[in-house]
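Here's the structure, in structure tokens; my notes come after.
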Amino acid sequence: NVELICETVCSFFIFRLSTEGPVEIGMSLDIASIDAISEINMDYTATIFLRQRWRDSRLVFPGNESVSVDGRLVSLLWIPDTFIPDSKRSFLHDVTVENRLIRIFSNGTVLYALRYITATIACNMDLTKYPMDKQVCTLQLESWGYNLQDVVFYWTRGNDSVKGLDTLRLAQYSVESYYTSVSRAVYETGHYPKLVLHFSLRRNVLFFILETYVPSILLVVLSWVSFWISQSSVPARTCIGVTTVLTMTTLMMGARTSLPNANCFIKAIDVYLGICFTFIFGALLEYACAHFYTMQDFSESNGNGSIPIVSSSQPNQSVEVGSSAEQSAAQAANSDAQNHAGSKDKAPGQGCGLSSVKDASRRAASVFIVENPHNIDRRARTVFPTAFLFVNILYWLYYLFL
């Protein structure tokens with residue numbers, strides 16, 4: 001092992017002495033597949049082909065042909081120490097042998113290709129507009145030990161150095177655009193070369209419309225059915241209200257299973273499910289208010305000053321009781337009027353103050369008095385759909401165009 005390390009180091013220094021300046025390493029890659037994109041872990045798993053080219057003047061030979069070398073002889077040559085800095089897990093396929101290719105051209109150019117590198121790479125995601133979001137992920141290539149004084153990275157053909165993204169098919173995403181850039185990595189030990197591939201992924205919202213949005217809208221519409229059911233049908237209207245609330249709660253819990261449990265994002269889908277839940281719960285509260293005013297009106301109509309008739313074997317006796325009751329009521333009313341007039345004569349200022357307070361209290365109470373409780377359902381049939389349509393227009397305009 002020590003001899004191999006010494007041979008590698010000596011080979012690189014001899015290589016540096018035979019060239020002027022840093023070694024220029026051109027790179028290109030093919031994206032074979034993007035297997036998975038995880039919002040929970042905020043990463044993606046990709047399989048790529050990586051090709052690296054550089055020129056070694058010591059390997060020049062006559063002719064115009066190229067020589068392919070067995071990949072197992074890679075330890076005898078100097079190769080760049082390229083790595084993926086954002087990689088969480090990665091491995092090189094070795095079926096049936098390690099997928100390496102070394103080809104040496106007559107002018108001393110060395111082509112070193114790695115086939116099937118599978119890596120799980122971190123990608124910072126902004127999920128505030130989920131599921132109408134667009135994510136920009138990167139694939140970075142850096143040199144681990146050789147700084148900018150030793151090696152320089154460049155894309156061999158610019159944006160055309162990356163192949164496979166145009167024809168890539170993903171389950172929930174579509175590749176919107178991509179571009180390459182050349183940068184440098186700054187660490188405590190120095191400046192190192194870095195190549196970056198930026199690609200933009202837009203989520204396909206049709207799946208979520210069929211999976212979440214349409215069922216939510218149907219549940220809201222179902223909660224409006226209770227507006228056309230008679231207020232006397234308490235079990236029917238209560239059953240519709242409670243069922244829609246519980247179903248909406250289950251739908252909201254299911255929509256969060258594929259997302260991070262603890263995050264600082266208020267996602268677009270959470271906002272919409274909250275709107276739908278508010279309308280469904282509002283429909284349940286509407287029936288509670290309508291039923292309350294109906295029962296209040298019924299109790300007032302049964303106890304608004306009617307005088308029960310005392311039963312007796314003699315009909316005239318009941319009339320006399322009724323007339324005596326009427327006379328006593330009239331006398332009580334006259335005495336109250338006289339007392340009221342006397343109190344007005346004695347303290348006119350105090351009477352004006354009390355009357356104004358009473359009038360104000362009556363006006364405040366009249367706001368909450370419903371003359372016909374059935375008008376609550378009639379107005380709800382128009383107010384709820386109109387408000388829901390208006391909120392939907394604002395929601396889709398904001399998250400699709402802003």
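Please read every residue number as a count from 1 along the shown chain.
Cβ atoms are placed via backbone N, Cα and C, with glycine included.
Those TrEMBL annotations? Automatic predictions, nothing curated.
What TrEMBL says about this one:
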- 332-341: compositional bias 'Low complexity' (COMPBIAS)
- 20-204: domain 'Neurotransmitter-gated ion-channel ligand-binding' (DOMAIN)
- 212-299: domain 'Neurotransmitter-gated ion-channel transmembrane' (DOMAIN)
- 332-356: region 'Disordered' (REGION)
- 205-229: transmembrane segment (TRANSMEM)
- 235-259: transmembrane segment (TRANSMEM)
- 271-293: transmembrane segment (TRANSMEM)
- 382-401: transmembrane segment (TRANSMEM)
Going by DSSP, how much of the domain 'Neurotransmitter-gated ion-channel transmembrane' (212-299) is helix, how much is strand and how much is coil, in residues?
71 helix, 0 strand, 17 coil
With a Cβ cut-off under 8 Å, give me the same-chain residues at least six positions beyond the ends of the transmembrane segment (235-259) that come close to it.
39-40, 127, 130, 212, 215-216, 219-220, 222-223, 225-226, 229, 267, 269-270, 273, 276-277, 280-281, 283-284, 287
Determine which residues of the chain contact the transmembrane segment (382-401) at the Cβ level, with the cut-off under 8 Å and only residues 6 or more beyond its ends counted.
129, 132, 220, 224, 227, 268, 271-272, 275, 279, 282-283, 286
